[in-house]
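Working notes for the structure below.
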Amino acid sequence: MDTSCVSINQCGFCTYLFNRSIPLAGEGDGAIMFNTMVDSMALGYIFSALYLLFRLQRSYTYLQKSSNNNNGNGNGNGSSNNDIISINSSNGLNRSGVKISQDTLWDKNFGISIDHPRIINSTYFKYTLFVSLWLAFEGLLLLFLPPNSLAYPAFVIIVGTGHIVTDNWVLVFLYGKEDDRFSARRSFYSCTLLYLIICCTTLASFFDDQTMCKKNDCQTFMFQDEYTSLAITVASLVVYTIVLGMTIKRSFLRPTGRIWLLFLMGYNCISSVGALLNILDVDAGYCFLGIAAIIYSFSYGPLLFRTCGNDTNLLRARGEFLPLLTNFQEYTSLFGRESISTSGEGATTALQLSAFYIRFNEFKFGQVIGEGYFGEVRKAVWKGAVVAVKILHRNSFRNTDGNKEENVFLKEVAILSILRHPNVLQFLGVCSETNLNGIVTEYMGGGSLDRLLTDRYFLIKQNPILAWNMAISIARGMFYLHDWKPNPILHRDLSTKNILLDESLTIAKVADFGLSKEQGFEMTSTVGHLCYQAPEVFIGELYTPKADVYSFGLLVWCIITGEQPNQNLQPLKMAHLAAYENYRPPMPQPMDPMWENLGKLIEMCWKKSPEERPSFSFILDFLEANVPISNTYVPPLKCISDNSVSNNFNNNNNTLNNGSTNNLGLLTLSFSTLNLQKQGGGAEEFHYIDG
């Protein structure tokens, strides 16, 4: 559009307003001018860049401060690597009287330096820093490059079309893969290729017109002809609309990702209307283009940060291991400075807990009681006690986020080793050799709840009070986990396969913490058994304690029906119906009178809205207040005879005295089923095969 009308005051209002240049200093061609639209855009980009840099710096400071607060003397001040930190005492000594240095606590054991945390190496941090620098360069270019030079349109096209990368690359961080470097790299390459194509075609189109800028005319920032601009904005609008529609039907983007899509859709919609009006030679076209460009530039930084996360979410590269770093102080205070050490490549051990470490040659192994992709579970005798040893092949822990494979193993060990409750599976020790990692737990003779419901459900039918005992035991264990401080520990895979029973079937314990996490801000991964997943988890929303409550409701339903929640449906179909059609498995008819209150509790637990579900504190109070008065329950015969245990060990040349397990009152349970996180975020079942 010809802008010469500005000088003779024959433009329409919008054209005049957004093409007008206000002289700030000087005269003639050397005067410093302020263009209403372009310079406002430049200031907007600079504002967005400064905002992002400020929030990044604030996040880094927050990380430094929180690290020093956790590891310093409680005063929040930073300390040098040689300073002595206080752990559960004021004199900097642990309970064993061993001084612990900050260097030992963080750098040596976890490879994380307080001065150079992993946040700096995370893809998300690099992306945000890249966008802020790009916006700053674009703003300074528009503000200070002389608009009457031939370099001005070329540089503006090159930098301006870079929004193809900055606008779309962010979407890779919004679909639940966290710091997935492969996905980020792939998306960056795709966006860069598209950027090069559009940038080259735009430059060719501009220079083919042989149009030279006169005075400040190039500062209108309209180097594309109206038809090209309309085509690009309409195409972008259609693509973003399709993607948004796909996220509504199948939520592969986090809810915050839709905010960014709506922002891009709004900008392209207004810009396309402006381009269309310019084609029709309507003055209002410049109003649409100018308003869209200015709002876009000023809101870009704040909205990008709001979409991707807040200060705490910037720690997402370390977020999965924050419980380990927090609880590491407790390990060291209990077992001394040298109790945990991480070895280099090729070393014989990846983790050593001095009080928990057990060598494989200390076991007398019996039969395999569970197996799967990640390894196997074997019954064993250790120091006269029957235990379960989960033997894990080290290469089964490789993951896609670039972290060391030992971290996944370390995570479960860390969670297990700090839990102490009668209704949570007891951790006894850890083994680590060149190619094998092992976790030692108490042996549970009753097997899994899943196997009981499959093979011996008649025991529950004959003794209805058993269902109450199991529900109360599980609720106590889950209340203990959810009441963990400072943040609740979410199980995320609560199912009948992960509830283990004693030989009398009167005590149930929560097991398998391979997928557990301390609650954070971005827990959106879809994990666990599909049949037990809460609707909000299936569609990709935040994982909260109420998701475990939903799983508990289905678990109790399984106890009183003896069936799996999906019944004849495929697990994926069951999860889809529960999420989108509010389907729940039917309650048994008629229901045992002793189970009527359990039925009411089930319906409370599996409500669609997480806010309407009770907490485990309420659940436990409800169960204990409504447990029916019944005749004394007579436990069934032991599931596994002592002689069979001894014979299994004899077959492995490990002779045991018959009846030796009679004296093992401390450890009489079996670790029968396991689910560990496999590559890509799925889970692999360990099927109970012990007779």
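Every residue, even glycine, has its Cβ placed from backbone N, Cα and C.
According to the topological domain annotation in Swiss-Prot, Arg185 and Leu501 sit on the same side of the membrane. Mean per-residue pLDDT, taken over the topological domain 'Extracellular' (145-153), amounts to 70. Here the CA atom of Asp493 (active site, proton acceptor) lies 19 Å from the CA atom of Val377 (ATP binding site). Look at the topological domain 'Extracellular' (280-284): DSSP puts its residues at 1 helix, 0 strand, 4 coil. A 10 Å cutoff on Cβ-Cβ distances gives Gly375 (ATP binding site) a total of 23 other Cβ atoms nearby, all chains included.
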